[in-house]
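Enquirer: First the structure, which I've put down as structure tokens, then a few questions once you've had a look.
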Amino acid sequence: MEKEDQEKTGKLTLVLALATFLAAFGSSFQYGYNVAAVNSPSEFMQQFYNDTYYDRNKENIESFTLTLLWSLTVSMFPFGGFIGSLMVGFLVNNLGRKGALLFNNIFSILPAILMGCSKIAKSFEIIIASRLLVGICAGISSNVVPMYLGELAPKNLRGALGVVPQLFITVGILVAQLFGLRSVLASEEGWPILLGLTGVPAGLQLLLLPFFPESPRYLLIQKKNESAAEKALQTLRGWKDVDMEMEEIRKEDEAEKAAGFISVWKLFRMQSLRWQLISTIVLMAGQQLSGVNAIYYYADQIYLSAGVKSNDVQYVTAGTGAVNVFMTMVTVFVVELWGRRNLLLIGFSTCLTACIVLTVALALQNTISWMPYVSIVCVIVYVIGHAVGPSPIPALFITEIFLQSSRPSAYMIGGSVHWLSNFIVGLIFPFIQVGLGPYSFIIFAIICLLTTIYIFMVVPETKGRTFVEINQIFAKKNKVSDVYPEKEEKELNDLPPATREQ
């Protein structure tokens with residue numbers, strides 16, 4: 001009977017699969033799509049900025065002003081992502097995980113309409129403001145989707161479903177690259193449609209996701225609605241007997257009673273969550289500061305130096321995006337076999353090696369004729385390495401190493417680090433590139449090395465373990481006797497009254 005229950009636990013039901021698809025396609029896909037959507041049509045959009053300025057002022061826009069406006073267009077997205085991350089805790093605690101995703105569609109559908117009409121309205125300000133809104137959408141979804149799916153999934157499918165959001169981010173990037181081909185929508189007339197299409201997945205999610213269950217953990221632990229939690233589990237698992245899983249959630253609820261809701265400020269003060277928090281910051285910072293955006297930024301120049309014609313670079317870039325999708329799809333299937341820790345070590349080590357070899361290849365490309373081809377290989381190897389570990393695993397890891405009361409605040413911190421790091425790399429890499437030239441990637445190699453060492457020394461394997469079991473592993477690292485021991489309750493009570501109320 002016990003064996004039968006274990007087999008049941010791992011079943012991917014139609015309801016669970018569809019809920020995963022709707023959450024990831026309606027939210028994570030848009031993150032990836034909006035990362036890449038403005039790249040291909042940038043020439044036509046900047047011409048629109050100039051034409052609009054000319055119509056208003058009867059003179060062409062100055063080069064500096066145009067560069068500033070375009071920089072704002074690009075940078076508003078990660079800035080919005082940072083704002084969205086700060087909203088996560090409030091939304092998921094008050095609206096639930098599913099409710100937060102449904103609310104988040106406002107920040108997709110509204111800017112999609114605005115961007116689609118921006119050319120007719122003759123307003124580049126609409127585009128800049130809309131980029132801020134879709135950034136907020138991405139900031140919320142990049143945190144809430146992994147949280148939602150991690151709480152829906154049985155523990156033996158938690159890794160695979162936890163990687164799905166990153167898979168849909170890569171699919172979104174690839175679709176934007178394909179739609180952004182000059183023969184498709186990267187044209188003077190097509191770019192508003194390209195930008196406006198981001199609202200389609202949001203509309204689908206808004207229509208269909210309400211018919212799928214809320215997180216059972218949220219319903220039981222935070223809403224104290226045991227019957228609703230049991231019904232949600234029965235719907236997700238496809239059978240009536242969910243007593244074992246309900247008992248697991250009750251144990252988690254019992255373990256957390258001493259803590260209550262843990263705010264961001266409390267999280268920074270709690271000894272029992274210290275190494276979980278440090279690991280979150282290191283992994284999220286390492287994910288972005290390892291140079292993934294810089295690699296994509298530099299890729300076009302690498303392809304051109306290897307002899308790829310300027311008109312063909314867009315196809316090679318799309319090919320790189322396809323490799324990213326394929327490797328992330330592979331990760332979905334191997335994460336439960338190889339484990340999270342191993343994939344992180346493999347991924348960061350691969351990125352480290354690629355950055356070192358790429359530095360050598362770029363330094364010697366004018367001396368040795370075949371070095372540009374080595375550079376192309378390094379870009380592809382780096383993309384593969386990042387797709388295997390650094391891209392998909394950190395968000396999944398946050399879901400697994402925190403319990404219900406601290407998870408929203410942990411995602412707020414992790415998401416903020418993610419988007420700030422993203423913004424910093426985008427802001428300073430062009431200057432680093434000018435100053436260091438081909439040696440720019442040494443900085444990213446050092447970050448990959450330090451992150452790899454940290455993972456090897458500190459990060460445990462979480463595969464196949466319950467949330468409480470994982471926190472018991474960290475309890476030893478944090479030098480506390482249990483997940484939430486009595487002295488931790490005293491620690492919380494010793495905080496200043498104003499802090500406890502946050």
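Cβ coordinates come from backbone N, Cα and C, glycine included.
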Enquirer: When the topology given in Swiss-Prot is taken at face value, are P438 and T466 found on one and the same side of the membrane?
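Expert: In Swiss-Prot, P438 is across the membrane from T466.
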Enquirer: Quick one: which of N50, N225 has N-linked glycosylation site in Swiss-Prot?
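Expert: Swiss-Prot records N-linked glycosylation site at N50.
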Enquirer: Per the definition of 3+ C-beta pairs under 8 A with sequence separation of 6 or more, do the transmembrane segment (126-148) and the transmembrane segment (68-90) touch?
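Expert: Per Cβ check, the transmembrane segment (126-148) touches the transmembrane segment (68-90).
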Enquirer: When you check the transmembrane segment (313-333) against the transmembrane segment (98-118), do you get at least 3 Cβ pairs under 8 Å, counting only pairs 6 or more apart in sequence?
Expert: no
Enquirer: Verify whether three or more Cβ pairs under 8 angstroms connect the transmembrane segment (342-362) with the transmembrane segment (371-393), leaving out any pair fewer than 6 apart in sequence.
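Expert: Yes; at least 3 Cβ pairs under 8 Å.
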Enquirer: Restricting to CB pairs under 8 Å, which listed stretch, 192-212, 277-297, 412-432, is in contact most with the transmembrane segment (68-90)?
Expert: 412-432
Enquirer: Could you check the binding-site residues Y31, Y296, W419 and say which one's CB has the fewest neighbouring CB atoms inside 10 Å?
Expert: Y296
